[in-house]
Amino acid sequence: MHVNGKVALVTGAAQGIGKAFAEALLLHGAKVALVDWNLEAGVKCKAALDEQFEPQKTLFVQCDVADQKQLRDTFRKVVDHFGRLDILVNNAGVNNEKNWEQTLQINLVSVISGTYLGLDYMSKQNGGEGGIIINMSSLAGLMPVAQQPVYCASKHGIIGFTRSAAMAANLMKSGVRLNVICPGFVDTPILESIEKEENMGQYIEYKDQIKAMMKFYGVLHPSTIANGLINLIEDDALNGAIMKITASKGIHFQDYDISPLLVKAPLTS
């Protein structure tokens, strides 16, 4: 899929990786709906992007992705405004081991909800023109992390769900591809959460171990993750792919023994 002329919806778009995604999509000619719960950050993000791009290229919608009604209304607003939806990036996420129910709701349940809403609008069975859904996971979705078990569980869930949904989308001839990005540590505000007891709870005493891991593995710039996003969108052969991005190896893919139904599925026109 060529990004130019397409309409994208990015959750968690006001800062960090989400903002980098929005910038990359705009640079490649897309129109972008910036979805975020943080009103102040969202308004600032749109204002900054308006200085680089035509204001009509972006739309900011305040939304708590954990609220099902707000999320449904947001998708409707975006499609009503731009007339279509081609690219969905479920990026919003938190790190909170203390309020673990919230972590699962935002990191996993909202991704599942967003994916199904995206399919409702993009699937050819529903009159859509196909498209692509990118769900944000993490390297923590591919390995155990003693200091963040709930965050780890949420990111594992994203991978299992997305790979399965990608197979289903192919079987249904929906015209929609689904892929996952699993970055390592990224220089975003979420890294600050490891310093806070209100986020880490009983695991706060292990924050120095996480810092040591960051030093060992390195910290990525959000623009590197955005490059991976564009690659996943533009390569029509990728469906159910798990893209890993690390400081040492850059962009590469997780290998699985998978069904032929999942590989090289030409789902979009």
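The backbone N, Cα and C atoms fix where each Cβ goes, glycine too.
Model, not experiment: these values are computed from the prediction.
Taking the Cβ of Y151 (active site, proton acceptor) as reference, residues of its chain lying under 8 Å away and at least six apart in sequence are, in sequence order, N95, N96, E97, T103, N107, S138, A140, V145. A helical conformation is recorded for Y151 (active site, proton acceptor) in the three-state DSSP classification. Taken from Swiss-Prot, the feature active site, proton acceptor applies to Y151, supported by sequence analysis.
The NAD(+) binding site annotation in Swiss-Prot covers 12-20, 36-37, 63-65, N91, 151-155, 186-188, and the record cites similarity to another entry as its basis. The Cβ neighbour count for G18 (NAD(+) binding site), using a 10 Å radius and every protein chain shown, is 26. Secondary structure at G18 (NAD(+) binding site), as computed by DSSP, is helix.
Around the Cβ of S138 (substrate binding site), the number of neighbouring Cβ atoms within 10 Å comes to 27. DSSP assigns S138 (substrate binding site) to coil, not to a helix or a strand. What Swiss-Prot lists as substrate binding site is S138, Q148.
All chains included, 18 other C-beta atoms sit within 10 angstroms of the C-beta of Q15 (NAD(+) binding site).
Ranking the binding-site residues D36, D64, D187 by how many other Cβ atoms lie within 10 angstroms of each Cβ puts D187 at the bottom.
Rounded to a whole value, the Cα-Cα separation of Q15 (NAD(+) binding site) and Q148 (substrate binding site) is 22 Å. Distance noted between the C-alpha atoms of D64 (NAD(+) binding site) and Q148 (substrate binding site) is 23 Å.
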